């Protein structure tokens, strides 16, 4: 397995690997990583579909990529997915997945054309004081603190270790709009990993100019399940892949001799009945270890989503594997000590009455029902005790929605603070109470909130997710298992709790697909290179552009930097009529 850039290998078709007809694949989990592994086995590994088996404990595929109308509850999406043009492995896969919407097109074509016709942007990112846009929304307001971000990027991961974001940055950094944008967009909290924040800063530095208004982002036409999962399922079914639901893998016995690790037996329950599959070294096993949406509980408009700390299948499986080898990671690092303040609850509100719409449209300046971009991403309420954010994507978000309905995704970044209006913690609230808090912050008159939050006007389903921010917990090398653990012959880890050699960023669709691609190509010795992530952090043009936008579009001479006038004058003379001057001018720094 190796990496490549450019389009020479991107458009090449790898030849059939030697011995692939004697191999079989067993994939644990039908989240995006598991589905992608099956796609790459077929497309690039030339493995017959009937030799590929996927095991899913739930009755539905997709993992965290959800979107469903739950009987007796209503429409539910537990989270959203933000994409960008440099998700190299993701677009590499979806170019081969036929669109279910446009005959003869790929899903990449469908997505690309949608974004061309209706590019994403936000007209309002931050509000406060009951529905009023923050005056300096659109500015990072970092000032001198921009140098702290540069300092983070200059550090090595080894030197940061398990340091938290709060331990690295000053208090003034957290007062900036940059931190509000960053924390609420990516779900970072102060006690999360400084290493992961550094990875994010380096990975997405080319989008610094487009984060405040979300022009850097791209979204699906519908919810994640309909748009992203269904086309892959259709592709796999067309290749006769075996997908088994209500099947929970509980353990995998691994034989370790002479420095080699060979998966020998898969233990599982199928519809509650214990079964086992004996394996040979030619049987390839791909494990999705851990899950941010494992053990989710659902409330209703009148019921709370009950808090839980149940580990569930994916975490228990990882624990059983980790007990066999230190090379299989340390799951407790991620799930055991999540602070009470962490994000745990999201909610999906379905607006059924036009009385609420004006309070939204005065922020977006867009028609909710024209089928185009609405909020363009989340709108964050900066004076919300919950640090509440909400998003309204293109409507309908579900094909089953009625013509006048609008679905809204809501979440609170802080779970142990009382609301400004409801005076309860978000995890103690019913769907109606979460709606009341949201309407209060939108500026709905207090005497109308109770009525407009009633089920006659809106239906809101809260979800409690005990491990939703576990990706970002402080960690050190070895806490996440390598995609191919040292000495492994036939066992791979895939998904966002596996350690990709690429140092890409977790909590992204790209990372799920990348780890799957790395695992398949490693086992089958694929002769085609895996696309590198866009290394914008090593492009001086992108760095200069980011420096300009982090300082709110100021030229160097106007920045609050400790540069004496004499040195500045000498510096200008030295670079005059040089390539450096050209670069600085292109970045608007001179």
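The backbone N, Cα and C atoms fix where each Cβ goes, and this holds for glycine too.
What you are looking at is a predicted structure, and each value in this text was computed from that prediction instead of being measured.
Taken from Swiss-Prot, the feature active site, proton acceptor applies to 82, supported by similarity to another entry. Residues or ranges marked as active site, proton donor by Swiss-Prot: 200. Summarising the annotation, Swiss-Prot assigns FAD binding site to 33, 56, 64, 82, 249, 291, 508, 512.
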In whole Å, note down how far the CA of the residue listed as 'active site, proton acceptor' lies from the CA of residue 512 (FAD binding site). 14
Once the chains shown are all counted, how many other Cβ atoms turn up within 10 Å of the Cβ of residue 56 (FAD binding site)? 24
Which residues in the same chain, at least 6 apart in sequence, have a Cβ under 8 Å from the Cβ of residue 33 (FAD binding site)? 63, 286, 288, 494, 495, 496, 512, 513, 515, 516
Which one is it: of the recorded positions 82, 291, 508, whose Cα lies the shortest distance from the Cα of the residue listed as 'active site, proton donor'? 508
According to DSSP, residue 249 (FAD binding site) sits in strand
Spatial neighbours of the residue listed as 'active site, proton acceptor' among the binding-site residues 56, 64, 249, 291 [C-alpha, 10 Å]: none
Would you mind pulling the longest C-alpha to C-alpha span across 33, 56, 64, 82, 249, 291, 508, 512, which the record has binding FAD, in angstrom? 30
Sequence gap of 6 or more, Cβ distance under 8 Å: name the residues on the same chain that satisfy this around residue 508 (FAD binding site), in order along the sequence. 87, 496
